[in-house]
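Asker: Here it is: the structure, laid out below.
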Amino acid sequence: MDGFISNGPAEAPATMPPPEPFERPPTPPPPPPEDSAAPPPPPDTSAPPPPPEDAIPAPPLEKKKKAGWGAKRAAATPLSVEELVRKKREADAAAAKPKFLSRAERERLALEKRAKEVDADRRLKTERTANGADSSSAQSTPVYPERPNSDKRVIPTGPRAMRNTEAPARSGPAATRNKNYDMTPPAPPKPMSFSLTDSKGDSKRQAEEDETVAQVALIKQRYMGEEKTSNFSAKKKRKRTTDRKFNFEWNAEEDTSGDYNPLYQHRHEANFYGRGRLAGFGDDVADSLAKKYARALEDRDQEAGSIRAREMLEMEKRRREESTRNQLDKHWSEKKLEHMRERDWRIFKEDFNISTKGGSVPNPMRSWEESGLPKRLLELVDRVGYKEPTPIQRAAIPIALQSRDLIGVAVTGSGKTASFLLPLLVYIAELPRIDEFEWRKNDGPYAIVLAPTRELAQQIEIEAKKFTQPLGFNVVSIVGGHSLEEQAYSLRNGAEIIIATPGRLVDCIERRILVLSQCCYIIMDEADRMIDLGFEEPVNKILDALPVTNEKPDSDEAENSAAMRSHRYRQTMMYTATMPSAVERIARKYLRRPAIVTIGSAGEAVDTVEQRVELIAGEDKRKKRLADILSSGEFRPPIIVFVNIKRNCDAIAREIKHMGFSSVTLHGSKTQDQREAALASVRNGSTDVLVATDLAGRGIDVPDVSLVVNFNMATSIESYTHRIGRTGRAGKSGVAITFLGNEDADVMYDLKQMLMKSPISRVPEELRKHEAAQSKPTRGYAKKSDESSGFRDKGAWQ
């Protein structure tokens, strides 16, 4: 080749300048060295090659003038800290500020990015092909960047000091290049010369991956907890503790005591006679031994042996019946009263859901025979038809017979009337007859029974006369709706028991028709209802009018039954379904160390009533639903329908008559004769449906009510409890259907809680998910009006 020498300096012809860089083809890469070939000698860098003789010398380079000490330099203005902070703040603000990009711009940027990636991949493949690297060693082979064409020079232009431009950029390993010559043959490449960069990148990438995995593990442990892994290893050697293990100096097989000692070879069988028995033997073995002993007695003693054997067998039979194991296995109903243990009484109370408190309280009675009532009274109980006592009767009668003050908390329809009438008759029977002397008639009754409504007072009077007429006691009711002259005439012969409403009794006391000089027994039935109707002040007046000579002491003696029976102290009993604060206030003031009996939980409905709740808004829809219920034939009369306001009673009664059913109404605007006639028509079966307000919700006993419909939900959960208590009485089952609306939000929470506690009722999904049923509402001082009875409530803290 002209002007080209492989191992020496290049010499160009003198007549021709070197070709331009763009006219020459690119220099091919050097071939890879053979394994057997020796590396080329190092280049001689002692002196630069001389320039060609015929070549035109290059123009001399202009020397830069050195600036001396006196030369003026351009003053450099330093950047202030404020300027740097301002620029950084502007850069951060610009980076943090979101930049809106249109869809076209986003597509353009994506296409540009993709084009750059494709271009980079194509360039990488081209370089690998040009360098002769295969795909298997692509990671370890370095990638050489392409040099621009303007920097590719082959022919030297002279010493570096005489060149116009800087030294061209060289590619390839530094060991294969000659610092002064461009065309020196390259040295063989070192295989690990460029692996340092890749190993550093791989190690950095591996460190980042390890850090990411560690962060993920920490986050998982933070939110999901630590994994429960066992550290137990079966292969791990464990040191056995032999500190407490006693090692004999001889082995067990060396023991020869069993060979020569006959005590170990022939064991003696113990024989126990009579009441003796081997531990662990059953009753059958004991019986066989007893019979064996009895036969031995008969054989040895011909005269009295048979008698002794018979007595011994009877004694063994008694012992077996009264054994501790047999008594524990028996149910409380199979045991005798003297065999009842504390555990049996606890089970008995749990069976009847009885809870008592208040000092030394006697155990409940299991049957009428164990009640302690006189024989004459037990005969009357059997004649009336009381077969088994109710839970409140089981618990309250023994306490009342010990002359203790009593607070009975029980649901409606649980037999509370008999629970206070029977102890009252026992108390009065021990007093002198009231008609024995004329002055006794004028001193007033022995006992007073207070009831909140006229209907309840008359109902108690009917129930009391079943017992008082055979015993010769006189019972008089004093209620509103009748003239005072008529009631004064009924008191002319005196009365042992007076059943009255608080308002009318206060009128009689203030008009001197009645005095309470010898009253020694007070019963308040439905005390919470009396407070709700605004009778707290009349009740306080009546209790303050009682004599103080026979008042109980407020000490431990009030809990001593013997001390209370020795002196005729006044006895006070209060029955209620709920315990508001006003009732507790009266109890603290007038009762002395009372025993409290609770059947179930205060304010709960009976378990025999199935409660159904339907969310129906609007009068028309409710009337249509009521017609469907009555026409279904599922429920037999009598049926009670409750409304909230008395003017709706007549409207609902007319609708029911249009449906083909007979109906009567009961509310506060009715006269006493109309009320009695309405209740009588329902009780004797001549009327199918009774439409009433809350007046009939407390204490009215209509037998065999199969259905109660709350056309309007009660304003309080207590009223609702007594409404549905009209059915499911005396152990019978019943159904209560309630129409609920958004206006009843104040009682939804309590209603849902009551339905959840009932084992036979279900909470509808609409009520369960209703907003008002999620938390108990906070109520303030509300003044409410009871339109059904005509009394205005004084208000109470709810």
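Note: Cβ is positioned from N, Cα and C throughout, glycine not excepted.
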Asker: Which residue range, 343-380, 533-570, 761-798, is the one Swiss-Prot calls region 'Disordered'?
Answerer: 761-798
Asker: Select from 169-172, 481-484, 525-528 the stretch of residues annotated by Swiss-Prot as motif 'DEAD box'.
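Answerer: The listed stretch tagged motif 'DEAD box' in Swiss-Prot is 525-528.
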Asker: Any residues 6+ beyond the ends of the motif 'DEAD box' (525-528) with a Cβ under 8 Å from its own?
Answerer: 416-417, 420, 449-452, 456, 460, 574-580, 583, 586, 698-699, 718
Asker: If you count Cβ atoms within 10 Å of the Cβ of Ser414 (ATP binding site), leaving out that atom itself, what do you get?
Answerer: 22
Asker: Work out the three-state DSSP category of Ser414 (ATP binding site).
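Answerer: Note: Ser414 (ATP binding site) is coil by DSSP, not helix or strand.
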Asker: Give me the DSSP three-state residue breakdown of the motif 'DEAD box' (525-528), ordered helix, strand, coil.
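Answerer: Computed counts for the motif 'DEAD box' (525-528) are 2 helix, 0 strand, 2 coil.
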Asker: Give the sequence-ordered list of residues that share a chain with Ala410 (ATP binding site), lie 6 or more positions from it, and have CB atoms under 8 Å from its CB.
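Answerer: In sequence order, the residues whose Cβ lies under 8 Å from that of Ala410 (ATP binding site) (at least 6 apart) are Pro391, Ile392, Lys416, Tyr575, Ala577, Val597, Thr598, Ile599, Gly600.
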